[in-house]
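Data first, discussion second: the structure below is written as structure tokens.
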Amino acid sequence: MKNNIVIITGITASGKSELCDNLIEKYGNISIINCDSKQVYEEIPIITAQPPKQEVFYKLYGYVSAKENYSVGLWLEDLEKEVNHALENAQIPIITGGSGLYISSLIKGLSSMPQISQKVRKNVSELRKNLSKEEFYKLALSKDPRIQGKVFMNDSHRLSRALEVITETGKSIFVWQENRQPPLFNNFKIYTILPKREDVYRKINSRFITMIENGAIDEVKKLLSMNLAPHLPAMKAHGVPEIIKYLKGEITLDEAIQIAQTNTRHYAKRQYTWFKKQFLNAEVIDCANKLKIF
């Protein structure tokens, strides 16, 4: 196999996990390595749809404490070890997940991003909380005009990040992103799964209901009991902020479910746009069942 590292990416709820299960069952000599920024956290396996811990084929899932502000740089270090271990043991590494920053850093190299002070992070977080979406977007755009057409109003996470960087350094986040380290590997084949939107949206809705039934609320209760800072990544996993509002009595459970489903669908919509513009050498398929790797 010329490209002995496989990357399977795509939008949320596109069937990546089911595909990996099938590949393990069919071939066996593979190592599934996580490329999802929230599935690394140990305390939230249900709401991030992690595979069972006893599955020895799966690597880099549920092994980081939610107390940690885990970064793409740390993930690349862990990834390199797992890929090399797989290759040394005659296994094919299959890197899978939908976190765009992780995948982009793997393929194109890691950007030399600046450290953001707690003061700036807190100030931006307060602005994000107190301003409307439109006001927050206009503020970010006034500080960094380069975000126009690249970061959109509903993408509050990327807007916050852009505002943090320009506030901390005086330089656009895109200036920092242009300064990249060499990529870890270049011998890979990438597949992007982009199913029909209505199928994805339907699965997002049903999957969140299943997560609630399987104990997601208790999972978030335990997360709350840890008294974590709200800016930590685990606290921003899809469904966590909405369930926290429910547990605090701010909204009903039905409202929490509906809002979480809506927010995740919006995230999937943004992923569609992003993945279509990225990785032009990827093989794009509309259904995980159509993917043929070997």
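Using N, Cα and C of the backbone, Cβ positions are placed for all residues, glycine too.
Note that the structure is predicted; figures quoted are calculated from it, not measured.
Record features, source Swiss-Prot:
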BINDING   GLY10, ILE11, THR12, ALA13, SER14, GLY15, LYS16, SER17  ATP binding site
BINDING   THR12, ALA13, SER14, GLY15, LYS16, SER17  substrate binding site
REGION    36-39  region 'Interaction with substrate tRNA'
SITE      SER99  site 'Interaction with substrate tRNA'
SITE      ARG128  site 'Interaction with substrate tRNA'
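Known features from Swiss-Prot, placed on the structure.
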| residue | record | contacts (Cβ under 8 Å, 6+ apart) |
| --- | --- | --- |
| ILE11 | ATP binding site | GLY98, ILE193, LEU194, PRO195, VAL200, ALA268, GLN271, TYR272, PHE275 |
| THR12 | ATP binding site | GLY98, VAL200, ILE204, HIS238, THR264, TYR267, ALA268, GLN271 |
| ALA13 | ATP binding site | VAL200, LYS203, ILE204, ARG207, THR264, ALA268 |
| SER17 | ATP binding site | ALA49, PRO51, THR96 |
| SER99 | site 'Interaction with substrate tRNA' | CYS35, ASP36, SER37, LYS38 |
| ARG128 | site 'Interaction with substrate tRNA' | PHE136, SER156, LEU159, SER160 |
Taking the Cβ of SER14 (ATP binding site) as the centre, count every other Cβ atom within 10 Å, in any protein chain shown.
26
So, in DSSP terms, is THR12 (ATP binding site) helix, strand, or coil?
coil
Rank the binding-site residues GLY10, GLY15 by the number of other Cβ atoms within 10 Å of each Cβ and report the first-ranked residue.
GLY10
Which of the three DSSP states, helix, strand or coil, fits SER17 (ATP binding site)?
helix
Residue counts in helix (H, G, I), strand (E, B) and coil for the region 'Interaction with substrate tRNA' (36-39), per DSSP?
0 helix, 0 strand, 4 coil
Could you pull the average pLDDT for the region 'Interaction with substrate tRNA' (36-39)?
97
